[in-house]
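Accompanying notes for the structure given below.
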């Protein structure tokens, strides 16, 4: 009888283990499928938005001028703030862009993040996956279909944020009860959830009420900058020097920053409890790779924009061809890095050495690109150099991350910041080339600073970040060598 019970118990344990293993494998398959589907949709969304950027992101629309947010089918007046008419049109374009972009990016990133957190409970997360994807798709489609120039209609886009908040609220409640079972120590306290949701609601309320007040305090809801008391009051606060206005500004920014911090209480709680580990950051890098892939494909399209005065000379301007050598230099650096890295793999290597090699390579690339762009005035040359160099930089990052499995979380976060900066630089160069094309003739990014344009500022920032990192590593490397030498001297003295 005892043997029969023991045999039954053993069978039960084996069955439970097999069932659990099958469930994990099934959840892993579903998770990988959803991640692949989301990746394909994300890449498609970004590629289409960028290829049709002048029509979608800048609001030119499709078809005749009646379906455009600009007066003419050109971006020549984009960010022209010299008249109330252009000021209002540009404000509405920027407002539309920020609302739709925020909703699109937030929902896509949220889905990628949640797929990581719910690897074991993926089936239960499926409804939220679909709903977040639906909101992302709506935002994407509105970029292609919504081109209203009426303030009230454009301001109605904020209600997308209300829908997003309600979805977030339902997800956070679901996540709290699910995570409470798997990680009771971290999710035992529901106060963080309540604080985050309350302050998110207050921020949303501010975003919704502000446009409503704006359009209802003027003589006409169709005019935002003419005979509008709200606009006049805002201008006075920022321009009229008085103690009252100073206190209002300080109080506004203080409460805004406080509300933003408290609205992200859950995030800070996870950071403090070290839930954002190396694997989580690597998961984020996948989204960055998708974004870079879209930028890479789009830049190939950007080369097609006509610049009659920017054609490359055929043998009559040797200096320009010297500038283009930056691209060949970047490729040579990549080859040398790959050869050196492969050679090092055959011998024992330290993580500090490999990191130093990475940072030196990135610093050389960012410095050479900045210097060439600083002295070169041809947009097409800058576009070629940036296109090649950033591709090399991202390739170097990819090689380093692929070959080093035990990168610290802090370093991964820093590399992530540098990658985002590289992508932003590439996007700005692409948009600058689009705006300065013959059809649009807009030099917005070139007129921000008298001595340096926005592209050069971004490249300088990229170099500065790499230079700061290499300075830190050089000091750390010197300290390690000093400690080793000191230890060797002590050992030699003991032997004597």
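The backbone N, Cα and C atoms fix where each Cβ goes, and this holds for glycine too.
Of the given residue ranges 193-213, 214-234, Swiss-Prot assigns the label transmembrane segment to 193-213.
Your range for transmembrane segment, going by Swiss-Prot and the list 67-87, 382-402, is 382-402.
Contact check: the transmembrane segment (33-53) against the transmembrane segment (455-475) gives fewer than three Cβ pairs closer than 8 Å, residues 6 or more apart, which falls short of the contact criterion.
Beyond the ends of the transmembrane segment (320-340), by six or more residues, the same chain brings 312-313, 357, 361, 364-365, 368-369, 372, 375-376, 378, 381, 384-385, 387-389, 392, 395-396, 399 to within a C-beta distance below 8 angstroms of the stretch. Of the Cβ pairs linking the transmembrane segment (411-431) with the transmembrane segment (154-174) and spaced 6 or more residues apart, fewer than 3 are under 8 Å, so the two regions do not touch. Under 8 Å from some Cβ of the transmembrane segment (382-402) lie the Cβ atoms of residues 282, 285, 289, 292, 296, 299, 302-303, 323-324, 326-327, 330-331, 333-334, 337-338, 341, 354-355, 358, 361-362, 365-366, 368-369, 372-373, 376, 412, 415, 418-419, 422-423, 425-426, 429-430, 433, 455, all in the same chain and six or more residues away from its ends.
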